[in-house]
Every structure is written in structure tokens, then in C-alpha cells.
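J.: The domain 'NADH:ubiquinone oxidoreductase chain 4 N-terminal' annotation in TrEMBL covers A:1-101. Positions annotated as domain 'NADH:quinone oxidoreductase/Mrp antiporter transmembrane' by TrEMBL: A:105-392. According to TrEMBL, the transmembrane segment annotation covers A:21-41, A:47-72, A:84-104, A:110-130, A:137-159, A:179-202, A:214-236, A:248-269, A:276-298, A:334-357, A:377-405, A:426-452 (among others).
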Amino acid sequence: MLIMMSIFVSMTPLTFISWSLTHMWLYFCFLISLMLIYTGWNQWDMFNFFLGGDLMSFILISLTIWISILMISASSKIKFKTNWSFFLLMNLLLCLILSVTFLMSDLITFYISFETALIPIFLIVMGWGYQPERLQAGLYLLFYTLFASLPLLICILYMNFSLKMSSTVLLFYNLSINFYSTFETIVLFVGFTLAFLVKLPLFSVHLWLPKAHVEAPVAGSMILAGVLLKLGGYGLLRSLVLFKSFHFGAYILMSTCLFGGVMVGLICLRQTDTKALIAYSSIAHMGLVLGGMLTFFIWGMSGALILMIAHGLCSSALFCLANINYERNHTRSLFLSGGSLWTLPSFSLWWFLFVAGNMAAPPSMNLVGEISIINSLVSWAFCLWVLIFSCSFLAAAYSIYLYVGTQHGHIMTAFKMLSCSFNRELLILFLHWMPLNFFIFRVDYLFCWMYLSSLTKISICGFEDTMCLS
Amino acid sequence: MASKQFDATPAEIRAAAERAATRDKLKWQFRQQMENPNALKGEGGYVFDPASQRFLSMRVTQFDHFRATPKTSALGLGLFVLPIAFFTYLIYREKTTFEKKCREGKISYKDRNFKFA
């Protein structure tokens with residue numbers, strides 16, 4: 001593991017030397033990260049006193065490095081600008097900081113790396129975004145996250161000094177923590193979860209996401225949708241178990257996230273901007289992820305992890321496709337972009353495959369995640385079927401609307417140029433599609449992080465509807 | 001236009017000629033931008049249309065013109081806060097009813113569905 005970190009860090013000088021060497025070095029790092037998954041699938045692996053992880057951490061690190069590789073490939077136009085080395089450096093730093101965040105076993109250092117990840121993404125959005133609106137988008141991204149994470153810092157310090165608990169490993173072993181009063185429970189619940197809910201994002205604190213995703217360059221959009229939202233999901237998967245007995249908080253969050261999914265699905269249907277539509281669809285999917293987590297069932301939590309990974313690949317690919325259209329048409333508008341089935345037929349296949357994945361059509365991993373989450377939601381509270389049905393139906397509706405808006409219809413006669421596809425772009429899309437659709441054959445692996453780990457015994461016993469492995 | 005129009009009044013002929021002149025002028029402006037040999041080739045893009053741009057800018061800046069009035073506040077309350085509160089109540093009622101029945105022994109272990117989720 002330390003070898004991997006040193007390999008990572010040694011890449012930094014390469015960013016000033018060569019674009020392609022850095023790219024190849026990242027592929028090598030990805031292969032090493034796969035070895036972590038192979039060794040750490042049924043236990044918590046500690047590399048030293050503060051770095052370690054279980055299967056969930058390692059899978060998310062692999063996803064981070066994979067998305068970093070693909071986002072560097074997708075940003076090839078930046079190679080011709082003078083500041084390309086600084087751009088590469090920002091991407092690599094972000095990849096490194098995110099990997100370290102997923103590995104932190106101490107809450108305080110986790111918080112530090114969680115906040116540090118904001119700096120490179122802020123610089124990427126501000127430095128390489130396309131419109132002047134990126135200034136406001138960067139500020140929204142920064143201040144929403146910072147405002148919500150200050151209570152998180154206070155709660156972590158309180159847990160450390162008063163409740164004598166400062167480990168992410170032991171967060172699942174919550175039997176030793178007795179909250180003194182309901183007021184303390186509520187304050188700690190809000191403080192702990194708010195930062196991750198803003199990052200996820202939850203429906204009512206989601207305003208930063210459409211702005212940041214739309215104004216970011218393609219690399220920024222890919223890493224935001226692919227990994228940064230999953231930081232919030234990762235934090236929630238680790239820390240929500242502390243508040244398992246605070247049922248009322250779960251009820252409020254559950255209805256907010258699922259109703260938010262429905263509202264956001266309706267908002268998607270009247271979008272005119274391609275990237276904004278994909279950004280809002282991310283909010284709907286993350287609402288389902290949060291719903292799965294709040295049930296505290298095995299299917300719910302594992303389904304949440306599966307949907308997070310599947311969404312990371314699918315959404316990142318959709319942003320890539322939107323950028324492919326944008327590079328040729330210089331517009332993100334659905335009204336002006338129609339007819340790509342005739343102008344860019346090679347990409348129509350990929351548009352269809354990823355739009356189908358977005359609506360959880362088989363054989364994508366999204367299907368497995370949504371089935372698991374829907375099963376756990378319906379078994380948790382049957383009255384949620386209305387919201388779940390609406391979420392799924394609207395997901396299909398806006399996905400088809402996106403496909404029809406970009407591919408069908410007349411080609412705009414005012415377009416100045418028709419251009420061909422590049423092999424690089426087709427490769428990026430294939431590398432998104434392959435893990436998304438072939439992982440379904442081994443998706444039981446992703447159920448392992450809860451099912452076979454010894455943490456299962458602690459996390460699921462005591463809840464009346466779950467099985468106790470004793 | 002044909003030199004002789006047998007079934008049109010002079011006013012209609014003049015109107016048709018004006019429309020044709022406007023159309024030709026607009027078409028000439030469009031062709032000038034589309035087929036300009038001095039413009040950068042290979043850049044892509046489209047001929048700028050002010051009407052489309054005005055529509056897109058309107059959609060993007062809608063929130064900048066938002067004002068909190070009794071009507072908009074009631075809309076926000078009715079469409080967001082009340083449904084969330086309603087669903088929270090529904091979940092609370094279902095969960096507490098089930099919990100109460102389990103504790104009173106009214107539901108046997110074999111009848112509890114989804115035990116192993």
C-alpha cells in the first residue's frame with residue numbers, strides 16, 4: 001500500500017514532463033489498486049496506524065483512479081494550452097487526495113482530507129470552465145460544502161474528546177457509545193450527516209450541483225459525478241450506523257430524499273441544457289442511494305454501494321458524451337442539438353447504452369443496485385411504493401427525453417461543421433461501458449463488504465426486521 | 001416572382017414582393033456568416049441566433065428574478081414542505097403500528113415478511 005502511495009506521489013513531477021507518460025502511470029496505479037480489492041474483500045485491512053480500508057474503500061479507490069484516467073483522456077484539447085501541466089497536476093492531486101480520504105481510519109484526518117479535496121476541484125472549475133458563470137458555480141460548490149462541514153468538525157471533535165471515539169473502523173461498533181440525551185442525539189445526527197448530505201446531495205441542499213456540473217470542464221464534471229458525490233455516500237455509509245436508533249431522523253431523511261427524487265425527475269423533464277439534465281438525474285439517483293442506506297438492511301446498504309459505483313461510471317460517461325456534442329456544436333441546448341443520429345451515428349450507440357444504464361435497464365449494474373434498494377425500501381415501509389414507482393418511472397422518462405432530444409429530430413441547418421468521431425473518444429466510452437455492464441456477473445462481490453465481514457454481526461443485530469447472525 | 005399575376009390584387013403583389021425582399025436580405029446575412037471564407041475553419045459551432053440566445057438566457061437567469069411573495073411562499077410550502085411532512089407521517093404511522101403489533105405478540109415470527117432483507 002505504501003508502495004502504491006509512493007508511486008502515486010512520484011507521478012507528480014511527471015505532470016510537468018509529459019501528458020502521455022502521466023496517463024500511462026495512472027493505468028499502472030489502477031492495476032495496483034485492483035490488488036487491494038483482491039486482498040481486502042472480507043476484512044478491514046490496516047496498512048499503518050491511520051491508513052486502511054475494507055472492500056468499500058478499495059472499490060471506491062479503483063473507481064477514482066479509473067475515472068481519473070478517463071477524464072485525462074477526455075480533456076485532450078487542454079494539451080494544446082500553455083497551462084496543461086498545472087491541469088494534470090490538479091487532476092492527479094485530486095485523485096491522490098480522494099484515494100487517501102477513502103483510506104483514512106481516523107475521523108479527524110478523514111475530515112482534513114475530505115476538505116482538502118475541495119481545493120483542486122475548485123481550481124479545475126474556475127480555471128478551465130467554459131462560461132463566466134463558473135465563478136458563481138465555484139463559490140456555490142465551495143461554500144455549500146464548507147458551511148455544512150463545520151458542524152461535522154465540531155461533532156468529530158466532540159466525539160473524540162467527550163465520547164472518546166475517533167475511528168472510522170470502530171464506527172460500526174457503536175454499542176459503546178451512549179448518547180446522553182435526545183438533544184445530543186439530534187445535534188450529533190444533524191452535525192454528522194449534514195456535510196455528507198450536502199455532498200451527496202440531498203434534495204433541499206442540492207443547489208450547488210447543477211451549477212458546478214454545468215460550468216465545470218469535462219474533467220471536472222466527470223470527477224464530480226463519478227467520485228465526489230460518492231464521498232458523501234461513503235461518509236454516510238460509515239457514520240449513519242451510529243444513529244440507527246434515531247428513527248425519526250431516518251423517517252424525515254427518507255421522505256425528503258425519495259420525494260426529492262420525484263421532484264428532481266420532474267425538473268429534468270423540463271430542462272433545456274443537456275448537462276443540467278444529467279446533473280439533476282444524479283440527484284435523483286443519489287436520493288435512491290440515501291433511501292437504501294437509511295433502511296440499514298443488507299440489501300439496502302449493499303445496493304446503495306452498487307448504485308453509487310454504477311452511477312459513477314454511467315453519469316461520467318453521459319457527461320463525456322455531452323462534451324463530445326458540445327465540442328462540435330458549441331451548444332449544450334437540447335433545442336439546438338437534435339439530429340446527432342445523423343451527424344454522429346457512432347456515438348448514438350453509446351448515447352443509447354448509457355441512457356439505458358441511467359434508467360437501470362439490464363444488463364447494467366444500475367439494475368442490480370436499484371432492485372436491491374427498491375426491495376429494501378418496500379420491505380422497510382410499504383407506503384413508499386408511490387414515491388419509488390414515481391422515481392423509477394420518471395428516470396425512464398427523462399432518460400428517453402435526453403436521448404430523443406440529442407439524437408432524434410432535424411439537424412439544425414445553422415451548424416457550420418460536421419465532424420467525425422475520434423478513436424480516443426470511442427475508447428473512453430467503451431472503458432466506461434465495460435465495467436458498468438460486465439461487473440453484473442460478479443456483483444455478489446459488492447455484497448461481500450457487509451455480508452461476510454465481521455462487522456455484519458454488530459451492525460444488523462438489534463433491529464427488529466433484520467437477521468441476526470449469532 | 002412572375003411578371004404577370006392574374007389572381008392577385010396589386011396590394012397582395014406588393015406585400016409578397018416585400019416579404020421576398022426581407023427573406024432575401026436575411027438569407028444573404030445567414031449565408032455571409034455560414035460561408036465566410038475568412039472565418040476559422042474546423043472550429044464547429046453554429047450561426048448565432050439572437051432569439052435562441054434570448055430564450056436560453058431567460059431559462060438560465062430565471063432564479064435571479066425570483067421574489068419571495070405570499071404566492072411563491074405558499075407554492076414552496078405546498079409543493080415541498082407539506083408533501084415531505086405527509087410522507088414522514090405515513091412512514092411514522094406504519095412503522096409504529098408494526099412495532100406495536102410485534103411487541104404485543106399479534107404478529108407471529110413466521111408471518112413477519114422480509115425478515116432476511
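Glycine residues also receive a Cβ, built from the backbone N, Cα and C atoms like all the rest.
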J.: For the domain 'NADH:ubiquinone oxidoreductase chain 4 N-terminal' (A:1-101), jot down how many residues DSSP puts in helix, in strand and in coil.
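T.: Final tally across the stretch: 78 helix, 5 strand, 18 coil.
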J.: Which value does the mean pLDDT take for the domain 'NADH:ubiquinone oxidoreductase chain 4 N-terminal' (A:1-101) in this predicted structure?
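T.: Across the residues of the domain 'NADH:ubiquinone oxidoreductase chain 4 N-terminal' (A:1-101) the model's pLDDT averages 83 on the 0 to 100 scale.
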J.: Against the transmembrane segment (A:426-452), which of these stretches has the most C-beta pairs under 8 Å: A:179-202, A:334-357, A:377-405?
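T.: Stretch with maximum Cβ contacts: A:334-357.
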J.: In the same chain, who gets a Cβ under 8 Å from the transmembrane segment (A:377-405) while lying at least 6 residues past its ends?
T.: 254-255, 258-259, 261-262, 265-266, 268-269, 271, 274, 277-278, 280-281, 284-285, 287-288, 291-292, 295, 297, 300, 318, 334, 337-338, 351-352, 355-356, 358-360, 370, 465
J.: Looking only at residues six or more beyond either end of the transmembrane segment (A:47-72), which have a C-beta under 8 A from one in the stretch?
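T.: For the transmembrane segment (A:47-72), the far contacts come to 1-2, 5, 19, 22-23, 26-27, 29-30, 33-34, 36-37, 40-41, 88, 91-92, 94-95, 98-100, 102-106, 109, 169, 218-219, 222-223, 226-227, 230, 234, 237, 305, 308-309, 312-313, 316, 320, 428, 431-432, 435, 445-446, 448-449, 453, 455.
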J.: Quick test of the contact rule: Cβ under 8 Å, at least six residues beyond the ends. What residues does that give for the transmembrane segment (A:334-357)?
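T.: Long-range Cβ neighbours of the transmembrane segment (A:334-357): 271-274, 277, 310, 314, 317-318, 321, 324-325, 328, 364, 366, 399-400, 402-403, 405-412, 415, 418, 421, 425-426, 429, 432-433, 436-437.
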J.: Of the listed stretches (A:84-104, A:179-202, A:214-236), which one yields the highest count of Cβ-Cβ distances below 8 Å with the transmembrane segment (A:248-269)?
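T.: If we count Cβ pairs closer than 8 Å to the transmembrane segment (A:248-269), A:179-202 scores highest.
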J.: Hey, does the transmembrane segment (A:276-298) touch the transmembrane segment (A:84-104), meaning at least 3 C-beta pairs closer than 8 angstroms, sequence gap 6 or more?
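T.: Judged by the Cβ rule, the two regions do not touch, with the required three close pairs absent.
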J.: Using a Cβ cut-off of under 8 Å, list the residues of the same chain at least 6 residues beyond the transmembrane segment (A:179-202) that approach it.
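T.: Residues 114, 144-145, 147-149, 151-152, 154-155, 158-159, 208-209, 228-229, 231-233, 235-236, 239-240, 242-243, 246, 249, 253, 256-257, 260, 283, 286-287, 289-290 contact the transmembrane segment (A:179-202) from elsewhere in the chain.
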